[in-house]
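Have a look at the structure below before the remarks.
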Amino acid sequence: MWFLILFLALSLGGIDAAPPVQSQVDCENSQPWHVAVYRFNKYQCGGVLLDRNWVLTAAHCYNDKYQVWLGKNNFLEDEPSDQHRLVSKAIPHPDFNMSLLNEHTPQPEDDYSNDLMLLRLSKPADITDVVKPITLPTEEPKLGSTCLASGWGSTTPIKFKYPDDLQCVNLKLLPNEDCDKAHEMKVTDAMLCAGEMDGGSYTCEHDSGGPLICDGILQGITSWGPEPCGEPTEPSVYTKLIKFSSWIRETMANNP
């Protein structure tokens with residue numbers, strides 16, 4: 001079984017991923033670009049602030065009523081750093097197969113390439129110590145890099161448990177062949193493979209759309225992985241952003 005790191009079971013939703021308790025690293029206020037994407041008042045996915053007006057997330061996180069929270073660490077507390085924004089425009093990548101989202105049961109031939117989407121905020125974000133954009137990559141990530149994934153996804157692989165605070169986990173950037181061997185679904189050159197081959201470090205349910213930062217550089221966003229999460233020899237898959245830098249920049253420029 002596979003899951004998009006949100007819930008493919010949702011009619012308008014996606015897939016999600018989360019880090020395990022034993023592999024967490026301190027995350028509070030260290031990821032000022034991390035964004036919480038909601039459908040109505042329910043948390044759905046992570047996202048990444050690219051500039052004051054734009055958030056990047058996964059295309060499988062598409063929904064019909066977005067709300068975005070920036071500067072947030074704890075879901076249960078009203079924090080002084082919180083910024084709430086609506087979304088004026090959602091632009092999934094034109095080559096992402098949106099038909100995969102409508103109560104679709106994942107199949108071995110499914111191709112989740114191009115799993116990214118831009119959200120234009122209805123009001124620009126205020127840049128503060130805990131709300132800051134991150135730049136797009138300008139070069140390929142290096143295999144073996146230490147990567148950091150973050151999110152509010154499940155910290156347990158089967159009976160999902162969700163943290164109050166933003167969680168981070170260190171993962172290793174692996175050859176795509178490792179994911180291709182581990183999974184039946186297609187792994188393409190528009191994807192990255194990251195995890196720990198002995199398990200225990202992973203993204204999971206509701207981490208979708210969150211950042212994958214390798215050697216300090218944004219290189220991916222969480223896309224899909226195995227179910228249950230964190231299985232040994234079954235790393236997760238991330239959208240490879242260097243492949244989409246031109247589309248992202250052009251789309252932002254053409255939608256001022």
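Residue 1 is the first one shown; counting continues down the chain.
Cβ atoms here come from the backbone N, Cα and C positions, even for glycine.
DSSP classifies His84 (Zn(2+) binding site) as strand under the three-state reduction. What Swiss-Prot lists as Zn(2+) binding site is Glu77, His84.
What Swiss-Prot lists as disulfide bond is Cys45-Cys61 (among others), and the listing cites sequence analysis.
What Swiss-Prot records for Cys147-Cys214 (among others) is disulfide bond. The DSSP secondary structure for Cys147 (disulfide bond) is strand.
Around Cys193 (disulfide bond), the C-beta neighbours below 8 angstroms that are at least 6 residues distant in the chain are Leu173, Leu174, Pro175, Asn176, Asp178, Cys179, Asp180, Val187, Pro235, Ser236, Val237, Tyr238. Taken from Swiss-Prot, the feature disulfide bond applies to Cys179-Cys193 (among others).
Taken from Swiss-Prot, the feature disulfide bond covers Cys204-Cys229 (among others), and the record attributes it to sequence analysis. Its own atom aside, the Cβ of Cys204 (disulfide bond) has 35 Cβ atoms within 10 angstroms in the protein chains shown.
Looking at the domain 'Peptidase S1' (18-253) alone, the prediction's average pLDDT is 88. Here Swiss-Prot flags 18-253 as domain 'Peptidase S1', drawing on sequence analysis.
The annotation region 'Activation peptide homolog' is assigned in Swiss-Prot to 18-24.
Residues annotated as signal peptide in Swiss-Prot: 1-17.
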### Task
In whole Å, note down how far the CA of Cys204 (disulfide bond) lies from the CA of Cys147 (disulfide bond).
16
### Query
Across all protein chains in the structure, which of the disulfide-bonded residues Cys61, Cys179, Cys229 has the highest Cβ count within 10 Å?
Cys61
### Query
Between Cys204 (disulfide bond) and His84 (Zn(2+) binding site), what C-alpha distance do you get in Å?
25
### Task
Give the distance between the Cα atoms of Cys229 (disulfide bond) and Cys45 (disulfide bond), rounded to the nearest whole Å.
16
### Task
Take the C-alpha atoms of His84 (Zn(2+) binding site) and Cys45 (disulfide bond) and report the distance between them in angstrom, rounded.
15
